[in-house]
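Novice: Summarising the annotation, TrEMBL assigns active site, 4-aspartylphosphate intermediate to D383. The feature Mg(2+) binding site is assigned by TrEMBL to D383, T385. What TrEMBL records for D383, K384, T385 is ATP binding site. Residues annotated as transmembrane segment in TrEMBL: 42-59, 65-84, 266-287, 307-329.
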Amino acid sequence: TKGARRRRRGGAQHLADNRLKTTKYTLLSFLPKNLFEQFHRLANVYFVFIALLNFVPAVNAFQPGLALAPVLFILAVTAFKDLWEDYSRHRSDHEINHLGCLVFSREEKQYVNRFWKEIRVGDFVRLRCNEIIPADILLLSSSDPDGLCHIETANLDGETNLKRRQVVRGFSELVSEFNPLTFTSVIECEKPNNDLTRFRGCMIHDNGKKAGLYKENLLLRGCTIRNTEAVVGIVIYAGHETKALLNNSGPRYKRSQLERQMNCDVLWCVLLLICMSLFSAVGHGLWVRRYQEKKSLFDVPESDGSSLSPVTAAVYSFLTMIIVLQVLIPISLYVSIEIVKVCQVYFIHQDTELYDEETDSQLQCRALNITEDLGQIQYIFSDKTGTLTENKMVF
């Protein structure tokens, strides 16, 4: 039917389904993507370089496998933490995708229960009071005699006051209940965008007449139906084409202030390490040059049994001292920090003062790598009384 499709200026496009996916990794992309993110830490690059340097026979100071084991352990611990965090997002996506709603079935000619992920553009959805809107829906019918519907947009903009939405002009005058089977109009609307305050389109009826579509006719995904017994609408945008998800850039790697500071400190430690190793190499080269005629107990001979030249000996000494003095940057530091972050997240989840009895929900930590930034907030700027005080001016 004509009502089951959405016309867009500029040609036909692939229309997204309503499945939500906020995970960062896939089975194939996890290893390379996670390693790329971990190597944003300069210390990890440093540790890997030191471990690989131990595989050079002329300069190694430890067993190559022994030097590589701590680095692999650090990378594995961080990767496991990131995998657990991404799995938590996957479970949250699964719960949302399997929420139920009433969708009109053209085969059964009645409203049937379907999961959110099964909703498609052009489906007719029936929502009751206090239900969360599963997609961006054009309001076609309301139980309110004036064709009104009230929604709560707290999940989008933090405002608790209700917003009023109006049935599309031409449908509010219907005397009988709206029947999706009789809907034969064509809807033209703008391309998906993240502007929550704007929506433009038109509905073309069989007789050629057009009715304008505006933001007052659109029910946005994530909002909640309030003070209205039931509404019916047609899905305009679904899934990642909805305005709510277009405003969500998705999971991305964030670095905390502590991590940025550690990167700076690591650079200073590396600079100090290079200076100490360079000082040792110059001293060793001068010593070899002065006593070149004597067999040194500390010089590694060439393959033919001859002694090293002063320059070669200095280079080998420089690389060896880098390995010996690598403890300037403790490899256990990052393991300790990762363990502390996991413990912080656990205590945040178990904090009874962060539990909401009305909704029976607790705080969710979605970014495990920036929890320490919560303790560094100095100022909060807000112009919404309801955000901080629940509209109850009690001091």
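Cβ from N, Cα, C; glycine included.
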Novice: Counting only residues 6+ away from its ends, which parts of the chain sit with a Cβ under 8 Å from the transmembrane segment (65-84)?
Specialist: 24-25, 30-31, 34-35, 37-38, 44, 47-48, 50-51, 54, 323, 331, 334-335, 338, 341-342, 368
Novice: So what's near the transmembrane segment (266-287) in sequence-distant terms, Cβ-Cβ under 8 Å and 6+ beyond its ends?
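Specialist: Result: 42-43, 46, 298, 310-311, 313-315, 317-319, 321-322, 325-326, 328-329.
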